[in-house]
Structure formats: C-alpha cells, structure tokens
Amino acid sequence: MAHTEILDTLQQGSKLSKPEMKRCMDAIMDGAIPDTAIATILTLLQKNGISADEIAGARESLIERATPITLDERAVDTCGTGGDSAGTFNISTAAALIANAAGVSIAKHGNRSVTSQCGSADVLEALGLPIELHPEATTALYRQTGFAFLYAPLYHPAMKKVAPVRKSLGIRTIFNILGPLLNPARVKRQLVGVFEPSLMELYAEALRQSGCSHALIVHGETESGLPLDEASVSGRTHIIELQNNVTCRHTTKPTDFHLQQWPIADLAGGTREENALLITRLLEGKATQAQREAALFAAAIACYVSGNANCIDEGICMAKEALAERRALRNLEAIIEISRDLERKYGTGKN
C-alpha cells in the first residue's frame, strides 16, 4: 500500500486496518515516506480518532524493530501515558520498587520526562541506577534481583527517525499513545495508567491483540475531577481489567481498600533530585501518609496483576509488609550496587 493510498484513505476519514497500519509504520521506519507525508499521516490519524487496530498495527511494527531482550512471562510493567499535568511524584516508579520487594518481577519500560519535571528514567538515575545498561547486563540484573529498567531510547533506536517530525508538529500523536505498549521484553502483565478515559478501551483491545494475559488499565481523578494517569488516592479510579482475553470494568475509591482520600497537592513532585529523595524517604518509612498510600495502592495493583496476590486488598498487605520491614529500601540498594557492577562488566547499551 503506497503512502499516497494511505493518505487517500485517511483524508476520506476512514480508518486503517491493522495490516495497513503495520505496513504504513514499516514504511515510515524504513524511510520510504517523506517527512511531509509522515506529518500529514500523523495529523490525520489524530483528527480521525485513532482506532485499536491502528494502535495494534503500529505497535507490531515497532516491537519487531526493538532491540530484543528476553526476560520471562512473570515480568510486570508499571507505566503511564503521562500528559495529565498533575505534577505528582513518580508514583508508578516507587510502586515498582515496592512491588519488586514484595516478590513481583518488574520489567519497567520508561523514558525521561515529557510533560513533568521528572520521568521514571530521571528519578532512577538520580537514585543512582545506571539507566543505559547493556541488554546483557539488564538481563543479568533481572535474573539476580527480579528487576529491570528498560530505557526506551536504548531499545527503540528507530524512533529517532520520526523525532524531528513529531517535534515540528507540536501535537500529541499516535506515538504518545504507543509508549506503554512498546516494552521490548514483550511483557504479558501490565499496569497502565492513562490520562484520558477514552483511551482505556483502546489500550485494553490493543493489549488483548498483543497477547497480554493480565492487565489493569486505570484512569484516576483528583478530588475536583481532574484527570490522572494512575490509580488515585485523591478521587475515583476507573478500571478496565483484561484477563485471559476477557475484559471487565469497574470504578473504585480509596476507601474501598481501607485507604484515605488525600488532596492531590499532598502528592506533589519536584525535580529529579527532590523526587529521588522523596522515594528514598518513602522506602525508609519517613514519607507522609498520603505519599505512602499512593505508592501502596499502585504497588498493590502490580502485585495483583503479577498473580502473586489474589486481589488488590491482598496486594496492599504485601506492599505494606515490604515497606514496614524495609525490604524495599534494602532491595533498591542491592539493585543499584549490582547494576553498577554489571555496568563495569558489560558497559552501556550505547557501546
């Protein structure tokens, strides 16, 4: 399908099928479509409303081009789309560390900040973790600790090709949606936070098509109803659960899990150094109750998605124990020490 045909289809307001979208993305990544046409395609996809098939097709193309890394089917990713402008600290990163200490295998795919002061890569780097480990080093780290951080630019070098077009457009495109779906370890278990409720069904279907075995797609609200791309302890959380190809929907509030409701201002983040200190204090047992419960809630969902907990309530108990016994702090210290040793042995992925 030539790019002129793709443009004709999109200009008519029609959707691309999954195979058509895959061929389109293949052509973009192969340099077979000029930048001006790429810009038009991305704009029209956004204008028409991106479909689950289009997301699934684009994902398939990009995953095939990712630098491969093999972990195992137990691995869980905790990530969000970003874009909520709420300015919270790195809740999903803190949750990943707590869940890992509670026995959950974590393969966290992340990047530097786009809409906030501090992304997952920023805060982990500030905590002392080498974020650009060679894939062999990351695999070894995962085998020893059950934790891996997969730095997106390292595993998706082909994405550089569209960076200038995306920057010149200055709008959200399908690439902003694809991030949480592009874990190079091809994880089968995910907690995905989305900033816009209309994206929930799209993610659920795209994850189903990718072979995901268990995922929770969550959209939170602040106390005033503003959007959050994570499970909320400030208001309601809307959830779509995907398990064994079946989806169900429900809405929760913090008190359903014996958590308090906190103002979103109590979860404010800052610079990478400030957020790293906040997470350290959280793992030391010195954070505020609001910060603690926000991280516990997300960690509990990760425990549930992993299969280690039978429900979110049980996950909260597991996460609380990991914090109370300082296991999460000791675990982070071990991850940092081992990863530095492995960096010396294998070098970085840029080598």
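A Cβ is built for glycine as well, from the same backbone N, Cα and C atoms used for every other residue.
Now, the feature entries from Swiss-Prot:
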- G80, N111: anthranilate 1 binding site (BINDING)
- G80, 83-84, T88, 90-93, 108-116, S120: 5-phospho-alpha-D-ribose 1-diphosphate binding site (BINDING)
- S92, E230: Mg(2+) 1 binding site (BINDING)
- R166: anthranilate 2 binding site (BINDING)
- D229, E230: Mg(2+) 2 binding site (BINDING)
*Fill in the CA-CA distance, R112 (5-phospho-alpha-D-ribose 1-diphosphate binding site) to R166 (anthranilate 2 binding site), as an integer in Å.*
16
*So which binding-site residues out of T88, S92, R166, D229, E230 end up within 10 angstroms of G80 (anthranilate 1 binding site), measuring C-alpha to C-alpha?*
S92, D229, E230
*Spatially speaking, which of the binding-site residues T88, H109, N111, R166 is closest to E230 (Mg(2+) 1 binding site)? Use C-alpha to C-alpha, please.*
T88
*Three-class DSSP secondary structure - T88 (5-phospho-alpha-D-ribose 1-diphosphate binding site)*: strand
*Lowest local Cβ density among T88, S92, N111, which the record lists as binding-site residues, within 10 Å*: N111
*Within 10 Å of the Cβ of E230 (Mg(2+) 1 binding site), how many other Cβ atoms can be counted across all chains shown?*
29
*asked:* Spatially, and counting Cα to Cα, which of the binding-site residues is closest to the residue listed as 'anthranilate 2 binding site'? Options: T88, S92, H109, N111, D229.
replied: N111
*Could you round the CA separation between N111 (anthranilate 1 binding site) and S92 (5-phospho-alpha-D-ribose 1-diphosphate binding site) to a whole angstrom and send it over?*
13
_Roughly how many Å lie between the Cα atoms of H109 (5-phospho-alpha-D-ribose 1-diphosphate binding site) and D229 (Mg(2+) 2 binding site), rounded to a whole value?_
16
*Rounded to the nearest angstrom, how far is the Cα of D229 (Mg(2+) 2 binding site) from the Cα of S92 (5-phospho-alpha-D-ribose 1-diphosphate binding site)?*
10
_Give me the CA-CA distance between T88 (5-phospho-alpha-D-ribose 1-diphosphate binding site) and D229 (Mg(2+) 2 binding site), in Å, as a whole number._
10
*Looking only at Cβ atoms, how many others are within 10 Å of the one on D229 (Mg(2+) 2 binding site)?*
27
*Based on DSSP, name the secondary structure state of N111 (anthranilate 1 binding site): helix, strand or coil.*
coil
